[in-house]
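According to TrEMBL, the feature domain 'Concentrative nucleoside transporter N-terminal' maps to 8-81. Marked as domain 'Nucleoside transporter/FeoB GTPase Gate' by TrEMBL: 90-187. Annotation comment: TrEMBL describes 192-393 as domain 'Concentrative nucleoside transporter C-terminal'. Residues annotated as transmembrane segment in TrEMBL: 29-50, 88-109, 164-184, 190-212, 249-269, 337-363, 375-395.
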Amino acid sequence: MSGVIGVIGMLALLGIAFIISENRKAIDYHPVIGGLLLQLTFAFIILKLPIGKLLFEQLSDFVAEILGFSTDGADFLFGALMDTGFSFALSVIPTIIFFSSLMSVLYYLGIVQKVVKVMAKVMKKAMDLSGAESLSAAANVFVGQTEAPLVVKRYVPDMTRSEVMALMTGGMSTVAGGVMAGYIGMGINAGYLLAASIMSAPAALVMAKIIIPETKESAISGDIDIDLEIENTNIIDAAAEGASEGLKLALNVAAMLLAFVSLIALINYPLSFIGISLEEILGYLFAPLSFLMGVPVEEIQEVGSLLGQKMAINEFVAYSQLAGMIKEGTLSTKSELIATFALCGFSNFSSIAIQVGGIGSLAPERRGEIASLGIRALIGGTLATYMTATIAGILL
């Protein structure tokens, strides 16, 4: 029965995108079908196929083990404080800094670029996309919504409206590698996060191509190269710069969590006098969506609350709540998987301003157009992560 609900949920999510489409008659169903097949194929391989499931579990364990090396650095810095149990400052912040440094080294060595190019070619071929669309979507799996557009920065001024939408939606539906490392440090399943990021790349393109269909001939339809120069002088310089960037990200994340968790407590104080909380209100509002994704009925309000916190506040606050639920054992395995997949994206209201500023700086003359696409990109990115979660829930 849950599988049937999941299929209905998939159709409902596609239906929402169709309803808000700018030009329904112009929708090209080739990239839509191709993107859905890519998602389904990958999900089947890692969740159903025994050999694929085994290999992906090993990859997940490998990533978790690599991130575990951040503990050595944290032990050196904090000593006996590390023996006091889990704390965000001592566990998650070192993980973000270490992973950011590692990613910078991998980029310097050209490894990240090679993986991005392979992923981009697969999506371009399967979905009949332009080179810029597929490359930026693939880059979003590894870097953030402001860094991924830099991969195709020289092409942004000449992108069609549909291509700009694809660029923005891709940023909304994935998370940066350093941020993902933070989630893993909080106790979120590494394999689920990896799968969600990879599956959401084609999902974002599916939603973008429905909401803003291509109506013009792309000027950049062929294969293109990654448009970034390596500025580090050597591998040590790359590691050091990555650590500095990681520190900035970690402090920003810590500041946001401190502020927003405190603000939620402030809002909940007057609400407590009428016997309700902000989390419960958001849970009621988003419960229908969590039901359509296949969450068991008895847990739709809890997962709905996470979905609401992610959109209204940010995904880090939502994941911190999910981490607590996982530790307390209040969610079933299926609900944990669906929630992890659905939250894995930057689709919240603050991201609109981030993208307008970041992408707008690459094409100042198109800043107004980019701003006008903000809400649609937010909805598209949200639908993409929900679609990914729904497919994973069906196949679990």
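Backbone N, Cα and C define each Cβ position, glycine as well.
Bear in mind that TrEMBL entries carry predicted annotations, made automatically and left uncurated.
Beyond the transmembrane segment (249-269), the same-chain residues lying 6 or more positions past its ends with a Cβ under 8 Å from any Cβ of the stretch are 88-89, 92-93, 96-97, 100, 176, 178-179, 182, 277-279, 313-314, 316-317, 320. Listed as Cβ neighbours of the transmembrane segment (190-212) (distance under 8 Å, sequence separation of 6 or more from its ends, same chain) are residues 14, 17-18, 20-23, 27-28, 31-32, 34-36, 38-39, 42-43, 46-47, 56-57, 59-61, 63-64, 67, 119, 123, 126-127, 129, 133-134, 137-138, 140-141, 161-162, 165-166, 168-170, 172-175, 180, 183-184, 336-337, 340-341, 344-345, 373, 376-377, 379-381, 383-385, 387-389, 391-392.
The list of residues near the transmembrane segment (375-395) in space but at least 6 beyond its ends in sequence, with Cβ under 8 angstroms from a Cβ of it, reads 2-3, 6-7, 9-10, 13-14, 16-17, 20, 22, 39-40, 43-44, 47-48, 165, 168-173, 192, 195-196, 199-200, 203-204, 206-208, 211-212, 289, 292-295, 311, 334, 337-349, 351-352, 355. For the transmembrane segment (88-109), the neighbouring stretch richest in Cβ pairs under 8 Å, chosen from 29-50, 164-184, 337-363, is 164-184. Residue counts for the domain 'Concentrative nucleoside transporter N-terminal' (8-81) under DSSP, split into helix (H, G, I), strand (E, B) and coil, are 65 helix, 0 strand, 9 coil.
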